[in-house]
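Colleague: Sharing the feature lines straight out of TrEMBL:
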type	residues	note
BINDING	A:CYS80, A:CYS83, A:HIS84	heme c 1 binding site
BINDING	A:CYS225, A:CYS228, A:HIS229	heme c 2 binding site
DOMAIN	A:212-338	domain 'Cytochrome c'
SIGNAL	A:1-22	signal peptide
Amino acid sequence: MARYSWIALRCAIALASFFLVGCNKEGTSPAWEVPGATVPANFPAPVYAAAQNPPTREAYELGRTLFYDTRLSRTGAVSCGSCHQQSGAFANADHRLSQGVEGRLGARNAPALQNLRWKTSLLWDGGATHIETMPLAPITDPREMDETLDNVLQKLNADPAYQQRFAQVYGERPITSYQFLRTLAQFTAALTSANSRYDHYVRHEANGALSAAELRGLATARQKCAPCHGGELFTDESFRNNGLDATFPADSGRAHITGRPQDAGRFKVPSLRNVALTAPYMHDGRFHTLAQVLNHYASDMVDSPTLDAQFRRPNGRLGISLSEQEKSDLVAFLHTLTDSAFLADARLAE
Amino acid sequence: MKLRKISAIFFYLLFSSAALTSCKEDSDMQPKVGTLDVAIDHVVGTATLALNTGSYATPAGDQFTVSTFKYYLSNFTLKKADGTTHLVPESYYLVDEAVPASKTFTLSGIPAGDYTSLSFTIGVDSARNVAGAQTGALDPQKNMFWSWNTGYIFTKLEGTSPQAPNTALVFHIGGFKAPHNTIRTISPSLKGATIQVQGTQTPTLHLKADVLKMFTGPTTVRFTQLYNTMGGANSVVVADNQAAGMFVVDYVHAN
């Protein structure tokens, strides 16, 4: 009798601890779902729809492991996450230019990685046209990760943990470039920022109150920063010359891709989402503050043959007419585009 | 014993009904399909291409050797005399002189019939250039993909020439966007031959690819001036030369 009750007790403990563990897991992530799997109510239809690479937890988490794995670089020192940090909306805070293997400096400022599902092209010059093949650019660039696709696959295939996780997702071995690129895209496509205070305001949700200054700034942005920074993504995905330089000897931007002289000095219009966190600004990271950026548009613009027509005013002046009040309102509004939930989402972290 | 007999009858019935079903499918339900083999020879004018060891000259008198010669052929389309066409789905092939097996491949699932012409693309259609991760011939691991300016290298020829400023020849022909689109779809003459596709025999289309035709044709390429191109206007010049006669049908073997 004593023996049976001892067994019963042990069973009870085992059962209880099982449920406790279960409860604990449920408690940390109620209804765990892959981030960015659903389209935010105020967003347009994505370019890279979830159906093109249906998100699953296993593939997403494997993609996250790849994103933060320094073995994607030749020296084993640089991962995607090295230059794209969650705390800075997956841009590289305080770095004017991206820093690759052996301290090599890249040509441009690492852009924020957010809402990539909606991008019609990637990189400052739009040279990459698909979210799945885009990582091949930084992986193989000698100034960035300086690695070959062959070597990356060799390293992944030599790792039993990767072998097992890839086989779990794809049901076959070895790990192929297709599996590698599709898996990485599971993570990068998930980086959706759509829960800023502005989003709550525009969707009439709780915590969506904007101050008078922020509302004035929103009106100014819609009037004077559109169409370039228009729409709910705050970019029209176009390439424009915003009057930074008179000539473009070092970096011709879009012309580097198209070979057309009319594209010289044109760069992809970045989104304004999380812009308060993505300093320094511009393709070469030349501005450190939002105030400097606004001063550039208001009064410091430089003329060149390919300067965007938006910046040629009827009075012959260049740029956007902005009063000091409008500038300060704009800065107030831009801070409402900071998405704290995105920056703190544990599912996106290393 | 009895059980064995019953099961024998059962299996007999099962197989005969299966055979009947498949006969019916063949004759009524599904059109007959066949295959076409493609075999490609690489030549430089009248000489056979030999990587590294062969020494050649263009008609303009420039000397050169070849260390790499590979290219994509895609979207094979066969046409009958009555004008009906058949595009072979997923027909993407990377032909590489360094990989002999890549110089022959089989187009399958072709509806039976007599085909009087065919066409194919030198390169990869624009849609597939921007379709994300790919497998097979289009796998970026084949080193025929530009990562910083998305798109496939359609033809890659590398080698040396004493006329080139640093002796290196680098011809990476690619690009799918106007005005530097290098996709070329050609329809080399079958010289009166007919490709007879049937279920019972596999005809072979023998193609000849002449390296010299990259440097002659609409524009004569001189290695003093053009020795390095990776897309752009100069690649268009070479693509136009390629389209003008790089691929010819040698002969069609009936079976």
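Just so it is clear, glycine is given a Cβ too, placed from its N, Cα and C backbone atoms.
Caution: TrEMBL annotation is automatic and unverified by curators.
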Colleague: In whole Å, note down how far the CA of A:HIS229 (heme c 2 binding site) lies from the CA of A:HIS84 (heme c 1 binding site).
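Modeller: A Cα-Cα distance of 22 Å.
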Colleague: Tally every other Cβ atom lying within 10 Å of the Cβ atom of A:CYS83 (heme c 1 binding site).
Modeller: 24
Colleague: How would DSSP class A:CYS228 (heme c 2 binding site) in three states?
Modeller: coil
Colleague: Counting by DSSP, what is the helix, strand and coil composition of the domain 'Cytochrome c' (A:212-338)?
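Modeller: Tallying H, G and I as helix, E and B as strand, the rest coil: 49 helix, 10 strand, 68 coil.
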Colleague: What number of additional C-beta atoms lies within 10 angstroms of the C-beta atom of A:HIS229 (heme c 2 binding site)?
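Modeller: Step by step: centre on the Cβ of A:HIS229 (heme c 2 binding site), count other Cβ atoms within 10 Å, giving 19.
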Colleague: Looking at the domain 'Cytochrome c' (A:212-338) alone, can you tell me the average pLDDT?
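Modeller: Averaging the confidence scores along the domain 'Cytochrome c' (A:212-338) gives 97.
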Colleague: Cα of A:CYS80 (heme c 1 binding site) to Cα of A:CYS228 (heme c 2 binding site): how many Å, rounded?
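Modeller: If we compare the Cα positions of A:CYS80 (heme c 1 binding site) and A:CYS228 (heme c 2 binding site), the gap is 28 Å.
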Colleague: Determine, from DSSP, whether A:HIS84 (heme c 1 binding site) sits in helix, strand or coil.
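Modeller: In the DSSP reduction, A:HIS84 (heme c 1 binding site) maps to coil.
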Colleague: Using the Cβ centroid of A:CYS80, A:CYS83, A:HIS84 as the reference point for the heme c 1 site, which residues of the same chain not in that list have Cβ within 8 Å?
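Modeller: Other same-chain residues near the heme c 1 site: A:PHE67, A:SER79, A:GLY81, A:SER82, A:GLN85, A:PHE90, A:ASN92, A:SER98, A:ALA110, A:LEU113, A:PRO138.
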Colleague: Whole-number Å distance between the CA of A:HIS229 (heme c 2 binding site) and the CA of A:CYS83 (heme c 1 binding site)?
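Modeller: Here the two Cα atoms lie 24 Å apart.
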Colleague: Centre the Cβ atoms of A:CYS225, A:CYS228, A:HIS229, go out 8 Å, and tell me which other residues of that chain have a Cβ in range of the heme c 2 site.
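Modeller: What remains near the Cβ centre is A:ALA221, A:LYS224, A:ALA226, A:PRO227, A:GLY230, A:PHE234, A:THR235, A:ASP236, A:VAL269, A:LEU272.
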Colleague: Which whole-number value in Å describes the distance between the Cα atoms of A:CYS228 (heme c 2 binding site) and A:CYS83 (heme c 1 binding site)?
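Modeller: Cα-Cα, rounded: 26 Å.
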